[in-house]
Amino acid sequence: MSVNMAQFERLLVVLFFSAVASSIVMVDATFSKSMYITWGYQHASMQGEDLQLVLDQTSGSAAQTKKAFLFGSIESRIKLVPGNSAGTVTAYYLSSTGSQHDEIDFEFLGNVSGQPYIVHTNIYTLGNGSREQQFYLWFDPTADFHNYTIHWNPLEVVWYIDSIPIRVYRNYENEGIAFPNRQGMKVYTSLWNADDWATRGGLVKTNWSGAPFIARLNNFRARACKWNGAISINQCSSNIPANWWTSPTYKQLSYAQLGQLNWVRNNHMIYDYCRDTKRFNAQMPPECFKSQF
């Protein structure tokens, strides 16, 4: 009887790890196999590895993944709208749905010709955002494609540009600070008119004589755990080899990565909600008092 019980327990372990392994999605597929266009069908296009988003006075455009994920690495190469892109926003983000949704954002705020693009980052937990950090890019993001990656695991979220970390948000859930770890999120991208706020707080409006505005994306990769409902919460966070994002390498930034992060923050950060005491009337969000990297 004891032998049969031991065999039964081993079978349960094998079945569990098999279920976890089957949840790992290595999307080395093309845009057209991973995503679909959700609006702006008349002028957005998707072919093989390439996605083209278009904005004119009739409509912007957007696409999203067919699958949702919980933890892993989401990346794409993006070439932003060139020229006078003031008023436009190119968004690339993860999000669940509903009023209590989680979300991890990259948004690229258009600029007047000759002025730097602003990278706007934010993270929502249970429907609460207001955690913005903004940076000037240190290169021309319209001249060529650059890699933008969101790395998300049970301990932290890290935003990368060309493999350089620009922001970290760590998990302090055990201290009552919400962290996005219980909702599967799909990947979304869009190009839209936001001239009521995007450029200089809405002072600079979209110049439609420059339309159509075009943003190009390619080489989308989602090396991530597929969301299969509540069972994925444990499957995707288990500290096993198949869940590579839980390995010690990804528990915190390396010394070299910390140097890169501090270089970006010291030289290119233009807004940090944790320094905006006036906005929060000196009642700062609790994560602002925690070490993030």
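Placed from the backbone N, Cα and C atoms, the Cβ positions cover glycine too.
Lifted from TrEMBL, the feature list:
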- GLU103: active site, nucleophile (ACT_SITE)
- GLU107: active site, proton donor (ACT_SITE)
- 18-217: domain 'GH16' (DOMAIN)
- ASN111: N-linked glycosylation site (CARBOHYD)
- 1-23: signal peptide (SIGNAL)
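Annotated features taken from TrEMBL, shown on the structure.
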residue : record                      : Cβ within 10 Å
GLU103  : active site, nucleophile    : 20
GLU107  : active site, proton donor   : 19
ASN111  : N-linked glycosylation site : 25
C-alpha spacing of ASN111 (N-linked glycosylation site) relative to GLU103 (active site, nucleophile), in angstrom: 25
